[in-house]
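**Student:** Got a structure here, written out as structure tokens. Questions coming.
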Amino acid sequence: MERYIENEKQDFQGRTRDLPILREGLSGAQVEAKPAPQLVFDAQFPIPHTNSFGHNFRDYDVGSERQEGVENFYRKNHIHQSVDFVKKMRQEYGKLNKVEMSIWECCELLNEVVDESDPDLDEPQIEHLLQTAEAIRKDYPNEDWLHLTGLIHDLGKVLLLPSFGGLPQWAVVGDIYPVGCKFDESIVHHKYFKENPDHNNSAYNTKYGIYSEKCGLNNVMMSWGHDDYMYLVAKENKTTLPLAALFIIRYHSFYALHREEAYKHLMNDEDVENLKWLHIFNKYDLYSKSKVRIDVEKVKPYYLSLIEKYFPAKLRW
């Protein structure tokens, strides 16, 4: 498991003290990560009233053209995402031996991906990445690490492609949640967990399960998907993004936590601080989805410069 040696110190307004941060990776090597710079809460991003289909955002019960497919997705997801399955996926994909390519090459691969779990968008995923990044960039022009986080947060969805094993949608996208403890009722379409093999396992179906109070999210197994995969890719390829960015990448689909406030009993102090950044990010991730296209060639040079700043030229995936 990864262990953080020292984390940035932030006050309630998100300001940071410029302290060195060391984190100990799976190999035991210590690498330095930068603290997140000061972030001022003066965003101007207008929150739309409805999604591109004319419905409320994240409405999983409305009778839309995507509702049936989304519910069927979550039925499969909740049945199959077990402790054993997550361990198997982390062992397999933690090897990072599928492909070697750049961040931008991965962005372009997402032209082939549509997220079946999303009731708010049916556009290729690269559109969502750029919409998120550009919305953040407009409100926080000086926080380039947050712009890049917006661009790359969903890159793990390449797991759907044949060159990455062609995993089914239920093993890649959708909301994530802890396995190894009770499935909280706030999780979307909770009713389908009754068919999960862990549902009746006494070791896994209590409030804490295999965990303990304030054990830290880093010690909690999350349902497998694009979040955890992209986190592993970024960390193991030694990105210099701040730890807040890695937290956002890893938990941005953990809506049971950052929207419903479930599972807070598992968080440690570091998680509490980083959650503040995730709350900021989530508004742009969710509400920037629209039919308005971004001019890719116009913004590409800017994002290539950020990729060069925070990542190696080629990454192991």
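For all residues, glycine too, the Cβ spot is worked out from N, Cα and C.
The substrate binding site feature in TrEMBL is assigned to Arg58, Asp115, Glu116, Ser117, Lys157, Gly174, Asp175, His252, Ser253. Among the features that TrEMBL reports, Fe cation binding site is placed at His128, His153, Asp154, His226, His252, Asp285.
Show me how these features fit into the structure around them.
**Tutor:** Of all Cβ atoms in the protein chains displayed, 28 besides its own lie within 10 Å of the Cβ of Lys157 (substrate binding site).
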**Student:** For His153 (Fe cation binding site), list the number of other Cβ atoms lying within 10 Å of its Cβ atom.
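**Tutor:** That number is 27.
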**Student:** Tell me, in order along the sequence, which binding-site residues from Glu116, Lys157, Ser253 have their CA within 10 Å of His226 (Fe cation binding site).
**Tutor:** Lys157, Ser253
**Student:** In the same chain, which residues outside the set His128, His153, Asp154, His226, His252, Asp285 have their CB within 8 A of the centroid of the CB atoms that define the Fe cation site?
**Tutor:** Leu129, Thr132, Lys157, Asp227, Ser253
**Student:** Highest Cβ count within 10 Å among the binding-site residues Glu116, Asp154, Asp175, Asp285: which residue is it?
**Tutor:** Asp154
